[in-house]
Every structure is written in C-alpha cells, then in structure tokens.
Amino acid sequence: MDACFSTQLIDGDGVFNVSGLENFMKEVKMGECGLSYAVVSIMGPQSSGKSTLLNHLFRTNFREMDAFKGRSQTTKGIWMAKAHNIEPCTLVMDLEGTDGRERGEDDTAFEKQSALFALAVSDIVLINMWCHDIGREQAANKPLLKTVFQVMMRLFSPRKTTLLFVIRDKSKTPLENLEPILREDIQKIWDGVPKPHAHKETPLSEFFNVEVVALSSYEEKEELFKEQVASLRDRFQQSIAPGGLAGDRRGVVPASGFSFSSQQFWKVIKENKDLDLPAHKVMVATVRCEEIGNEKIASFTADEEWQQFEEAVQHDYVPGFGKKISNLLDRCLSEYDMEAIYFDEGVRTSKRHQLESKLLQLVNPAYQNILDHLRTRTLEVFKESFDKSLEKEGFAVAARDCTKVFLEKFDKGSEDAAIQQVKWDPSKIKDKLKRDIEAHVASVRAKKLSELCSKYEGQLTKALAEPVEALLDSASEETWPAIRKLLQRETKSAVSGFESAMASFELDEVTQKELLSKLESHGKSVVESKAKEEAARVLIRMKDRFSTLFSRDADSMPRVWTGKEDIKAITKTARSASMKLLSTMAAIRLDEDGDNIENTLSLALVDTARPGTTDRSIQSFDPLASSSWERVPEEKTLITPVQCKSLWRQFKAETEYTVTQAIAAQEANKRNNNWLPPPWALAAMAILGFNEFMTLLKNPLYLGVIFVVFLVGKAMWVQLDIAKEFQNGFLPAVLSLSTKFVPTIMNILKRLADEGQRPAAPERQREMELQPKSTRNGSHSNVTSAGSSSITSSESGPEYSSPIAH
C-alpha cells in the first residue's frame, strides 16, 4: 500500500496543496506517462463507504471510517493516490462526502466546487449510492446528481465523462431490474436541471457515459464484496483503450501538465467562473510547452558538448561544425517533441518554433565566429597561394584563378558550417571575404606596379643622367637637340619594356596610359633635374670653359704668352663660348619651340665691347632687365635674364684676373726678349759715335778686326744660345752665361788652332768630316768630349759645339 503515495490535494478549507502535488507527481513519475494515464474520482454521501471501496478497488490507503466509533466525517477535502498495479497509471481522488452534518445543509459551496473539479480532471467518476435509495423521491443521492448535472453545464468540455454508478449493499432484486429504474431517475434529474439555451434539448448521453454496477454489503458479505470488487478492478485495466471506461480521450491534458492544469482548474473554480475546458487545455499547453522549452534551452546551454563547441569556435575554425550542432539541436528538439507531444498541436508547434528560434539565437554567435574564422583562414591561405602563383603565372591570371578557387573553398566551408534547422545566408561574410581579397590583390598590384615603375624609372634615370650631364657640359647649339633625341630614344625603349611587363596585369586602357605617361614624365623630370643641377653650377662651368679656351691653344696645349698672341681676340672667343654655355643652361628646351636667349645674351653681354654698342645700351632698354625670357614658360626657365646678368658680372670679375695675368705675362715676355737699347739710345750712339764710325771705315785694319770680332761674337751667340737664356729672365741668363763663357771661348780657340794645323782638303771631305760631329753634338751644342771641338754649319750659319764634362 505504501506505493500509492496518498496525498491531500485540497484541504477542507479549499487550499490547494501545490508542493504536495508536485512531490506526488515526482514520486509516481507522471512526467513519463504522456497521455497514458487516467484519473478516477468518487462522489457520494458521507460515510457511504467511498474510501473503503477505493482502497479495495485500487489498493490505496485512504483513511476509512471506524464504525465502532460512530459515523462521522472521515475524508476532508480531496485526497489523491496512485492505483496499485493498474495499467495505465491511474490516479484516484477521494472526495469529501456530501450532506455531511459537519458542513450543514446550507454550506454546499465546497460540494459544488469539488464536484466541478472532479468532473474537470477525471475520466471516470464513481457515484457511490445506496441500493435502497433507488426509486425513492427523497433519495440521498438526488442532491448529489443535481449538483453533478448543474456543474456540468459550466464545463465546456468536448469529451464525455463516464459516470459509474456503484450500487452499494445490493438487495435480492436483480441488477437488470434496478438499472432501468436508476436510469429513469437519472433522466428525471437531468430533465429537471436548468440548462443554457444552447443545451435545452441536449440529451444526457451527449455529456455522460452512464455505467451501473452493484456490490454486495461489505459488512455482511465481505468475501462476495471482495470478489465483485476484484471483477470491477479488471474493468479499470487499460481503461483508456478504445471501448474502455475512459475511452473518450478528447481534451485530455498530458501527464506533465496535470499539476499545473489542476491548479488552474481549482483557481478558476474558486473564482466562481465557468470552466472552458478547450481554452483551459490551450492555456495548460501554452504554459507547459513554455516550461518544457525553457528546460530544453537550459539543458542545451549546460550541455558539455555544446560548451566545448562554444569555447572552440572562439579561437579557430571547427570542421564539421554544422553537422555536429545540427545533431545537438535535433536532439534537443526531439526531446521537446517527446515531452510536448500530447499537448495541443497548435500550441506545441508554436512553442517549438519559439524554442527553435531561441536555440538558433544561442547558436548564431558561434556560427558567425565560425564564418569569421573561415574567412580569416581563407584569406591567409589565399595570400600565400597568390604569392606562389605570381612566380609561375601572370598577375591577372593568378589573381583571377586564386580568387575563384578560394571563394569556392569558402563556399564549401560555409556549407560545412551550415545548420540544417535554418538557412542562414553566409553571403555577407563571403562578400566581405571577396572585398578583402580584392583589397589584397589591389594592394599587391599597386606594390608590383610600383616596383615595376621604379625599375623602369631607374633604368631610364641611369640611361639619361650621365649622358645628359655630359651633353650639358659640352653646351653647344646641338646640346638640346641631342638631349631631345636621347630622351626620345631612351623613353621609347623604357616604355616598350614597361608596356610588355604590364601586359600580365591586364590593366584598363586609362590606367595603362596613366602609368606610361608617368614613365615619360619621369624621363623629362630626370632631364629637368639634371638641367637644374647643372644650372646651379653654371658659373663654375663658364669659368672652366673660359679657362680652357683662354689658357690652351687649338691643340689643347698650354698657351705661352710670347707677345705675338691677340689676347683681346682670345678673350672674346672664350667669353663668347662661356656666353653660349650660359644661354644653353638658361632654359629647358625639351620642345622644339625656338627662343632668342642666345641672341639676347650675345647682344647684351658680348657685343657691348664693339664701338658704339655701349652708347646704344645706355640709351635703349636693357633686354636683361626682366624676370622671364620671351617665348619661354616660367616652369621651363632655369636662369632668368636678371640672374644671367648677375652671373655674367660675377663671371667677368672672376676671369678678369686671368686676362690681366696673361697681359702682364705677355708684356714681361716682350721686355725679356728685347735686349737691344731703346731707339733714343741708338740715335745718341749714332750721333755721338759718328766720328769713330768714320775712322773705322777709313782704316781697313779696323774693319778686319771688327769682322773677326763679329764672327767670334756670332759663334758665341749661337753656341751659348743667348736669346733662349734671356727668355728665362735677366738674372738667370747672366748667371748661366757666366758659367759657360770661359769654356766656350777655350773651345772655340782650340778648334781654330786645330783647323789651322790641318792640311787643306777638298770641301766635300770637310763636310763629310763635319757632318757626324754636327749630328752628334745636336742643335743645343751639348758637350760630347772633354778635349775635342768641332765647327758645324746649319741653315742659320755656323754653329759651335763645346764639350762640357758631366
């Protein structure tokens, strides 16, 4: 009997025992029953043996009346227990007896409330009645039946309740005779009960299945009573099966919602409101399905496998995420379906959708993390693969192929992460990946193009810089045409190579033109940069050119100022060349547009030295008094006219010293070469020495002596090379001649003595003897032997050689 878990459901004051019912539900494991359960309640007069009948019929342990202590109220309120060894699970409710003296005749409220509650929750209602009351007008069961029928009008139930009339203390009258009388009495009571207008003509059979059973007296025929009860017990086995006592299962509340349903029933009954069982069924289903859904959400959140997934997706991509999460969701929803299967379908489905939506809300952040990790991983692998592809393929082909491959990989990865229960669209993440890939491709393209541009710009710079510098250094009329030709040739070569290298990028025409134009502009900028550099050094270049032309002759040999050179003409030529260099460097001439810079500079700077030019310059407008050149744009101007004028003034000032030094050197050379007395001295000598001159002419001896002296002097002049010695200065010449004078005199005298002692010989033999000596001694009369001397002849006269010991 202990397995019946007897519990007071509602006490005598009408207070519902919520905690007691919850414990009872757990003890009997009602949550596992679903719709496979039945509720049986019993009504009847007080002390009519209701509890005794239930205890024998269902083997419960309800408190029974002790006949030896007198008849009094035993059951207060409503009690509940579980029938023992009856399938399906059967709940038994023992109601407080009617017409008890404890409540009095006027207190029928609780009777009606408990009756209504029993009809609302029960599948089978046992009406316990005395056999001797059948057919009596004032029978004890009539008020009870009236109460049952009256409260039934307040129940809007779609199902029929089974009323099982249990006739107690059966007499000798057969049941076949008693049953028609009982049914007739029941019909009369039904007809006499006030009904709503909609049910004025509704027969009793629409609301109840009436069954009648008779039992012998428990006190007088206990064994027979027990046999009859055992037979009746068999009818409660599988009572919910079709044809059973509780065969009509329409509107039944699932077992898991029984507790809440009972509470709500009693609450509405206590508020004296009509019970709309269909609406109540929906309400119970709504609350219970909501509870089941919340339980499943809590269960899903606490699931260890889900927590592991949730943690894993925070850090990296998880393969098979979609399938695994789908299985978890399926399991959770299946559990919900199993627990909520017996509730109202509409409510169940609605709450299932809500549960699914909430579960998906829980899963969505993890799904988004998976896609983000997939996008990040795909992008990283794309970058590596793209870099490798660039080593084998052209840029555009590699970018196109890699983009296609990795977008397809993302699609496969997103399919792997897809959850079966929902069709989340990964297109936004894919679009972001596509934008990231395009941004990376654009970045690499820009980098590669920049490297390519730098490469060809470097080549162009290398091809132009030094040649342009050399051409600008030469600074002639052909300088800028040569630079233009060089620029055109090298730019064309660079553009051709750059264009071929760009082909793999498959750039649009506009971009190609921009890059090619940039390369062409770079070539011009190199030339312009070099021109500006050279323009900054133009003064140095001008001085170098002037120095080169002024200090060196046409054969690039150092110029010696002997006195015969035209320094003025040389200076003008050198300055004109420097002026041409200045005019060349004054402007950038990459276009073939003509200008008059050279003419302007020539007129303003060089031609001012001509007679009459100075006066005209003073009277007319200065062409260099301007900040720009005629027909030359400002951006092409390297040196303005005013700057040219200033540079020329500085140039002249810094080269004036060189010219002055040349003039001084020429004058000094002239002085050194002029060893004759001044003309006035010669005139004085002629006047004052006229008498002596006439004496010499009149005396032949003097003339002979003078002739000999002339020959000796001539020989000394040639032998000592006096003219050359004096070119080195007066004092050095005197010192050099003083050391050579005596040896030379001795050499000459010795040679004359030798010549006088030799016999006369033919002239030809003499020439042959003298020729080797002349060749051996050389044009500078170098010493060949310490004790020999010879006399040679040349075109300029006899030449004497004197040996000098080395």
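Count begins at 1; order follows the chain as displayed.
Any Cβ shown, glycine's included, is placed from N, Cα and C.
Keep in mind it's a predicted model, so treat the numbers as computed, not measured.
Looking at 5-25, 446-466, 635-655, 656-676, the stretch flagged in Swiss-Prot as coiled coil turns out to be 446-466. Looking at the stretches 214-239, 370-395, 474-499, the one that Swiss-Prot records under the feature coiled coil is 214-239.
Between the stretches 110-130, 677-697, Swiss-Prot puts its transmembrane segment entry on 677-697. With respect to Cβ neighbours within 10 Å, the binding-site residues Gln46, Ser47, Ser48, Ser51 differ, and Ser47 shows the lowest count. Of the listed binding-site residues, namely Gly44, Pro45, Gly49, the sparsest CB environment within 10 A is found at Pro45. Within its own chain, the transmembrane segment (677-697) has Cβ neighbours under 8 Å at 703, 706, counting only residues six or more beyond its boundaries.
The average pLDDT for the topological domain 'Cytoplasmic' (1-676) in the predicted structure is 85. Counting only residues at least six positions away in the same chain, the Cβ atoms of Ile42, Met43, Gly44, Thr75, Asp94, Leu95, Gly97, Leu126, Asn128 sit under 8 Å from the Cβ of Lys50 (GTP binding site). DSSP assigns Pro45 (GTP binding site) to a strand segment in the three-state reduction.
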